[in-house]
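Worksheet: the structure to be examined is printed underneath.
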């Protein structure tokens, strides 16, 4: 709309559209935004070439001409009405009346402007050639700016869609075509038929009257909001004039339709107004023909009502209930030709149905849920149900479907988390053995890995891949590779058990070391498995393995040999970690062994009864594995009892008191302990110490005495740090000498037990020395260091007396 002059002969006002935003740099410049319509007041501004004087929203100023586009007037332009009229006044003109052009279809040929409101609006009487103006609150005002000479703005009032009245001129209005459902009978309706849309109160009366007396076919009606928008008619190029159903209103209000007529009369079928491809779903009954004839003959308005988005169909007695995969989309079930599709409410979720196929492959949790709900599958309460959905239950089913989808996803995630958690728990193994047995196991498995790798490397030479050499040794190489794989697997199982035991430690540094070394061994074992698997698949074929020249890249056999060459070093490093930290790793095992032994002592029968039971027992001969496991448990108990002699001393007076109170026990010797005390062992047999061991014991005692004297004399940290290092070094040499010289198993267990305790005291001494140096001259730190020195000296002398 352009702001032109309203008087004939007046100069035309030029309008321009802003192409870009403009910000005023001075007071004379006019600021505007892109898309604004400016009124050009003067194009030739003196001393301002390229600038126009323009007007925008009552503000006048200079605007750059290169940012404006002049709007040219076209012949189709018409002047705006001068003054707004009231709703009751008529506007007469000698010429043709003002008409609103329709974008979809040409305007009607009649002399009167007939606007379409909502669906159809009746025209004004033919004799009164007036332009109907609605009330000002519901009108849309379009304001056109005028020049400064016309300060008042002209208002053009356009009508908004209002509720239509009954038509009086059928030949001069749009006719609304009947919605096509594929029935030939509906095509015989009158071409010019008008539909009135009743209000919500009228609709309630219509539904009640329909359900009580009349046999009227239900056709779609919808509760439109007053003042709501509408979709235009379908394009006139279509061969069949089918009125398009408003999409937004259909989705919003389709659930508000009453279901009274559906539940009362099951004999009459509703014409589904929302689906145009409902093939074969509803047959044309005789009632429909009568109803259509009644529509054409009766002067009454035809009544139409929408069915709900889900047609309630009677369920079979043995029909299976399936949850549709796309139940959230409105009217999906009407487009589906399969019967018996029901949504499952939330409350029935605990009862089993035939689960949909899309749900069966979601996750393992879905299968577990299915198996858990198989018992009440054929419940008569479900199979005998005949449901008629109400709008409330329909909305509830949609809400329950959302919650059901979220519940299924959460159940699957929970079950996957629990399964992964259980698998991780199963993978973590802990070794319940004493320190000595763990060290022996680690050393023996390490020797096995080293010997098997050495046996394989015996065949590796400069010419071992030649045909003659490989043909001779191929079977031996294969057996050696099997031994390497088996030995590494056994050590890896033991290492994983140590890693599980290390999870109970508080030393994060030790846990990280064990975890990293275990990961290295696991990677090497996986490489061995992959290479050996490839060799087994080719059956160790000579044609594949024989080569007479140097290879640039490693094949499977070379990769296996290279990995077997480095595995013993990784295994040795892990074994050293276990030996050095065995007391920390398996300390809790000894404590549990002490508690188990304490319980055994309380309930152990006399020795004679035990011997007689063993003689009469038919299970005297046990497998070798059970015997070895029992022997390992006894060794653990022995070591733990040696480490806790005070537990023995506490148990002796208890047994003596019981024997004194009960005279029947006087003729019976008390049950012997599992192992005698170290002093008792010394009376029977002494361990012969070598010359080197004796020298190291003497050096240790001397270093400890010098260290203690320096502490008592108040020497500076530079002095007692050196003496502390000397004590620790001599102690480590002593432990290494004792462990290497002792070969017998019983003596070795005893020496390893005392040596591990000695190593622990040496570690405590190192920590106390570090603390004393940092806090020097703190008396508390020095006193703690002196107490550690005294403990070390006491245990060393006791250990020496125990051995010899």
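Cβ coordinates are placed from backbone N, Cα and C, and glycine is handled just like the others.
Computed from a predicted structure; not experimentally measured.
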> region 'Disordered' per Swiss-Prot sits at which of 607-628, 695-716, 717-738?
Replying inline: 607-628
> In Swiss-Prot, which of these is labelled phosphoserine: 234, 268, 297, 418?
Replying inline: 297
>> Tell me which of 342-368, 369-395, 423-449 corresponds to the region 'Disordered' entry in Swiss-Prot.
In response: 369-395
> Per DSSP, how many helix, strand and coil residues does the domain 'SH3' (11-73) have?
Replying inline: 3 helix, 30 strand, 30 coil
>> Could you tell me the mean pLDDT the prediction assigns to the domain 'SH3' (11-73)?
In response: 88
